[in-house]
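**Student:** Annotated substrate binding site per Swiss-Prot: Asp94, Gly144, Tyr298, in sequence order. According to Swiss-Prot, the active site, proton acceptor annotation covers His136. Under the heading divalent metal cation binding site, Swiss-Prot lists Asp171, His173, Asp259, citing similarity to another entry as support. If you look up Swiss-Prot, you'll see 372-495 marked as region 'Disordered'. Look at Swiss-Prot and you will find 396-413 tagged as compositional bias 'Basic and acidic residues'. According to Swiss-Prot, the feature compositional bias 'Polar residues' maps to 425-443. Residues annotated as compositional bias 'Low complexity' in Swiss-Prot: 454-480.
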Amino acid sequence: MSTRKVSYFYDNEVGNHYYGPNHPMKPHRMRMTHDLVLNYGIYKKMQIFRPRKASELELTNFHSDDYINFLKLVTPDNMHDYSKQLVKFNVREDCPVFDGMYNFCQISSGGSIGCAVKVNSKESDVAINWAGGLHHAKKSEASGFCYTNDIVLSILELLKHHERVLYIDIDIHHGDGVEEAFYTTDRVMTVSFHKYGDYFPGTGDVKDIGADKGKYYSLNFPLKDGIDDESYQSIFRPIIRSVMDFYRPGAVVIQCGADSLTGDRLGCFNLTLRGHAQCIEFLKSFNVPLVVLGGGGYTIKNVARCWTYETSILVDSELKDELPYNDYLEYYGPEYRLHITPNNMENQNTKDYLEKLKIQLLENLRNLNHAPAAAHHDIPPDSFNYSDDEDDEDPDVRISEADRDKKVHHQGELSDSDEEDGRRNYSNGLEATSTSRRNQVSISAYDKERPSYNSRNNNNNNNNNNNNNNNNNNNSNNNNSHHHNEDADVDMDSG
């Protein structure tokens, strides 16, 4: 039986959001995942929390004020009034305006911040938010289906209590937004295993190693089509083992994008659920506090399979391959099994290619200072303490939550067809981006005391009755909060 304390964040509103017809990103996959988690009985081994929605001030700990204000105001009905801002903030095409877009961002980011709060307070050893992992969003720009970067916000929360945080990305796409945010600091190390070449976002070369104090603290392993379980683990394990030894993080954040699985609508890797989940299992062996987030994944039946299986790994629960009855059983036919089989695609990642890159990256790690220390600073207040507002429901009754979810389906939502419009454009036709200082975050500024999450999150409470909030005494404080100046020079000092 698992001795790890595991927290799991889920909001039943998240699956109601819809990017639009033929768009590959389908938030409905989170509802499917949660339904499998419930019906496999995994939920009994976790504490389940509905996340607090991130406030405007919380989001602007990384994002610019004008960008967040725009996301808050724009809707499909009034978007014609924001034509200049749509271009400025890249909210178009792959990042469309959709109903409830800002609410979706609040849920995703609030869950990932909540994960960090649980880890910081030592109430959890592992915290999960499958609605998070939106790693492409920039400080003032949407990108790659991502509007707010919940990962950066979660890491900033972790940095309140941990000198060093390690970020690992196993999505098929490079974790560019997170890398850019922390490119010049040694307090966050980013490690990304991704498809590289004529493929979105076009960044993540092995030569991209960080800058200034962050030099050698960005590590990229560019991969080719068709990598399988064995090849992936032959690089993941030695690289991560060395990173853990050299860097010695106080906490680890892993983005578990499921588009690196075989058969993904936009992907070109050949990993099975077991191969993907072995990354999680390996990280568990280090017994370091772990935040586990979602990410990409566009064959949604496999996304749900993957994240359910990885949830079971985190709570040490064995699952039968035969899927239990669930509300979305028809999605999983005709096999109705948990595990998937690899296809016969060629693995273009030769042993020589992988070995050469592995040696190069291990050599880069030797340039690191062992476990760099941050300057002493006062610890800012934690974000909202979920212990003050835990759900009093009997956990065994939670399975009925699936029946309480709003069943909002949209035309085309059930399809994983490769023939839908946009497959080619979404997978590798988007314009590549480059690392930019304007997308970085000031860690030294964040070390200074900021308003607590408790005081700045209550604007959302009146609209979130499902959260059973008990903290209504702070509502009068929100309007007095001041945003940071996004035009200030970026300072990435360690302390």
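Placement of Cβ uses the backbone N, Cα and C atoms for every residue, glycine included.
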**Student:** Sort out for me which one of Asp94, Asp259 has the most neighbouring CB atoms within 10 A, since those are the binding-site residues we care about.
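**Tutor:** In terms of Cβ crowding, the pick is Asp259.
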**Student:** Within 10 Å of the Cβ of His136 (active site, proton acceptor), how many other Cβ atoms are there?
**Tutor:** 29
**Student:** Under a criterion of Cβ-Cβ distance under 8 Å and sequence separation of at least 6, what residues of the same chain contact His173 (divalent metal cation binding site)?
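**Tutor:** In sequence order, His135, His136, Gly144, His194, Lys195, Tyr199, Phe200, Pro201, Gly257, Asp259, Gly296 meet the Cβ cut-off.
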**Student:** Give the distance between the Cα atoms of Tyr298 (substrate binding site) and Asp171 (divalent metal cation binding site), rounded to the nearest whole Å.
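**Tutor:** Between the alpha carbons of Tyr298 (substrate binding site) and Asp171 (divalent metal cation binding site) there are 12 Å.
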**Student:** Does DSSP put Asp259 (divalent metal cation binding site) in a helix, in a strand, or in coil?
**Tutor:** helix
**Student:** Applying a 10 Å Cβ distance cut-off over all chains shown, what neighbour count does Gly144 (substrate binding site) have?
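**Tutor:** I count 24 other Cβ atoms within 10 Å of it.
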**Student:** Inside 10 Å of the Cβ of Asp171 (divalent metal cation binding site), count up the other Cβ atoms and send me the figure.
**Tutor:** 26
